[in-house]
């Protein structure tokens, strides 16, 4: 469980945050972010994005996941990357190497397995981190999976060997993203709740016509647990007027300059735009305790439930918040 903390912004940082929050979105760089970003063992790695001028229009591809009554599809595990002490990136192959997943941005898939002694199968949703949409990854999908001590699916996935198969079903649609629909979006994530946020961020900055500004607040236990950090740092350097990331850790290292412990009201009040000053949308994804503190729980996948917690206390409306 996260410890509480007090986030004290130095005056220069506070001024920087206010300036960033009030600036109009700058014109997008002519170097959009295209292509899948992948993680490697420990240190991680990623593909650099290429210019759209170097890309020809994508041709029509067959899709693997069509939804409806399609049923479960078994995919073979093709590659495993050990990202850190409790996270792996798993690549699953499609039968047709030229096919695409068919998922929309930030949508998820159901996974299923049944052990030899299990009475019923274990089913869990996961959001892939492979590229989706127009420039979708061909022939595979990638999952970023954190092992939880009492998580039957995460433990099964971590114990899988290359060549074994896993059942998938989907897609499960989430938020229908529209370019520049919002002036500013705020992503509040904990742990592997970063995966749908990453899909949104990559979609926004791969489209030169999308002018959306993005603020990320990301909570983890240790610095090693910050997934996709290199990719987010690259975005901050490339789009300093449109993307900012703030991190908070339960067990920070010495000389850690950012937040310590759980995401608090003080932190969000400091780094998020005021609810009535901009056309904003806030997205939340993380463990149940985080939902309870920040926004309140969803009632069901189709029912967002009422807004409560810190975001309500700060004056945001139910319509301004989406819970993954």
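Keep in mind that glycine also has a Cβ here, set from the backbone N, Cα and C atoms.
Sequence annotations record features per position, and here Swiss-Prot assigns FAD binding site to 181-216 based on similarity to another entry. The domain 'FAD-binding FR-type' annotation in Swiss-Prot covers 70-178. Residues annotated as transmembrane segment in Swiss-Prot, with sequence analysis given as evidence: 31-47.
Shown here: features listed in Swiss-Prot, placed on the structure.
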{"residue": "181", "record": "FAD binding site", "DSSP class": "coil"}
{"residue": "186", "record": "FAD binding site", "DSSP class": "strand"}
{"residue": "191", "record": "FAD binding site", "DSSP class": "helix"}
{"residue": "196", "record": "FAD binding site", "DSSP class": "helix"}
{"residue": "201", "record": "FAD binding site", "DSSP class": "helix"}
{"residue": "206", "record": "FAD binding site", "DSSP class": "coil"}
{"residue": "211", "record": "FAD binding site", "DSSP class": "coil"}
{"residue": "216", "record": "FAD binding site", "DSSP class": "strand"}
Stretch-averaged pLDDT - the domain 'FAD-binding FR-type' (70-178): 93
Cβ atoms near residue 196 (FAD binding site) (within 10 Å, other residues, all chains): 24
List of residues, in chain order, with Cβ under 8 A from that of residue 186 (FAD binding site) and at least 6 apart: 214, 215, 216, 217, 272, 273, 280, 281, 282, 283
